[in-house]
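Encoded as structure tokens, the structure appears first; notes follow it.
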Amino acid sequence: MEKSGYGNDGIYRSLRPPVLFPNDPNLSVTSYLFQRSDAYPDRLALADANSGETLNFAQFKAMVQRVSHGLSRLGIKKGDVVLIFSPNSIYFPVCFLAIVALGAVVTTGNPQYTSAEITKQANDSKPKLVITVPQLWDKVNHLGLPAVFLGSKISGDGTIAPSNRNINGTVTYFSNLVELGGHVSEFPPVSIKRSDIAALLYSSGTSGTSKGVILTHRNLISTACMTTSDQEFDGEDPNVFLCFLPMSHVFGLVIICYSQLMRGNSVVSVEKFDLEMVLRSVGKYRVTYLCVVPPVMIALAKQNWGKIYDLSSLKRIICGSAPLGKEVIEECAKNYPHVPIIQGYGLTESCGIASLEIPEGVREYGSSGILFPAVEAKIVHVENLTPLPPNQLGEIWIRGPNMMQGYLNNPQATKLTIDEQGWVHTGDLGYFNGEGRLSVVDRIKELIKCKGFQVAPAELEGLLLSHQEILDAVVIPYPDAEAGEVPIAYVVRALSSTLDEEAVKKFIAEQVAPFKRLRKVTFVNSVPKSASGKILRRELIAKVRSKI
């Protein structure tokens, strides 16, 4: 094997030390976490920066046990799907672990989703129960599902939660759910195998329809072992992670919450991103690891916040979701010289991880680091599919124990993404250098990455074409300093139409989450297409960028 990790078989292998994975076939996500935590019952597990509430590991375990029994008494059983549609709180991971302890399956919804978006996901995943908050109830009430409301009967903004006359179905408040669970000291007796499904996390596809990524207990346990391996090899003391990234997303739920709690680290929950609250919380809770997305890095680069807030506890800033510009990294390094900035690469289909930089040694701008232990990769020629050696650009394929089992109810998409040898075809273009560092340079997929979220152009195009005065439309990414990319549209109007830009923007804004809203609309006579009718999206992107 070369210094790059490249072998004669065309496969790149991890240069990190190997990880020992648990081999008990009957291990669940929940049992694995708590069999380890019994050694440190008094250590802080979860803190809520918004409410000030805290749970040590003993309290955390007891609450998960009670909630799992409570859910069982509500009729949730092995194989059932439960939707968590809520902002971040310490009760999000409690509910997640309680659900999977029953052998049931968690699916999550971004709180920014519209009613139509969450309905599509519910129609696909068919949940038996929704766990939400009063402020989001109007978006899911029509589903007619029994619900659990997190928090007290007074909602977070001081208003009374919806009364029964507004509720279509049965609502149980979280405090009542805990009481329903009773005073128990064991988890419900359910037979769970590592091969059982634990989570359905939705990932946008280029088809414009969001797809349920099937992740097993083995996937999540393996990911946790891999994610925390650097801390273990370096012999680090227990760390404190701040989680303001949505727990509805693989980064927040699996990489931060589950993986770090599994190691015995503490997780501080922030309901939603507010830079000054995040920075205050770093000092208050002595946060050592800060996980961010590029827009937050840009905010950190603009000002030396360390002069205003106590950031002395920080040991690492980890940035995922999209590559960072050289200027942003340099400014952050200048502002926070004691904190290495670590970039990584992953996707929902790989439980959020594939590669990560190592803080020590020479840094390379734009690199996403080296492969995690047990992850293999290929760089494949996009036309003839032959494996490529270092410093040659091709599609990134990855394989490992963290890779999804497929897409829910979508065998065709599964077959296109995972081949018979278990390789996940990422749709991303990249290359490894001679030292085994991966650089991701473009996406074959046409997803737009806006503020760390995925936006499918085809979804927005479908909505545009549903307007009776729009004949044709194309949506492309446009570079943005704050968001990374934003969606913009080129629209062909009907001859008699008087539509203007604001009307089109409003039409879309009323139907989608804020991060999917169009930032610009340009009216054109035609959309560039190939002879077969396929939109020539890349040509349009290149043309637009040449004018920037």
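Note: Cβ is positioned from N, Cα and C throughout, glycine not excepted.
Within 10 Å of the Cβ of Thr348 (ATP binding site) there are 20 other Cβ atoms, across all protein chains. Marked as ATP binding site by Swiss-Prot on the basis of similarity to another entry: 203-207, Lys211, 343-344, Thr348, Asp428, 440-443, Lys534.
Residues annotated as CoA binding site in Swiss-Prot, with similarity to another entry given as evidence: Lys272, Lys451, Gly452. Neighbour density for Gly452 (CoA binding site): within 10 A of its CB lie 22 other CB atoms from the protein chains shown.
For 274-343, the entry in Swiss-Prot reads region 'SBD1', with the evidence type similarity to another entry. With DSSP classes pooled into helix, strand and coil, the tally for the region 'SBD1' (274-343) is 33 helix, 11 strand, 26 coil.
Here Swiss-Prot flags 344-407 as region 'SBD2'. When averaged over the region 'SBD2' (344-407), pLDDT in the model lands at 92.
Rounded to the nearest whole angstrom, the C-alpha distance between Gly452 (CoA binding site) and Val440 (ATP binding site) is 15.
For the region 'SBD2' (344-407), residue counts in helix, strand and coil come to 3 helix, 21 strand, 40 coil, using DSSP. In this structure, Lys272 is the one among the binding-site residues Lys272, Lys451 with the smallest number of other Cβ atoms inside 10 Å of its Cβ.
Each residue in Leu245, Pro246, Phe273, Val293, Pro295, Phe453, Phe515 lies on the same chain as Lys272, Lys451, Gly452 and has a C-beta within 8 Å of the C-beta centroid of that CoA site, without being one of the site residues. In the three-state DSSP scheme, Lys272 (CoA binding site) falls into the coil class. There are 18 other CB atoms within 10 A of the CB of Ser203 (ATP binding site), with all protein chains counted. For the recorded site, Lys451 (CoA binding site), the DSSP three-state label reads coil.
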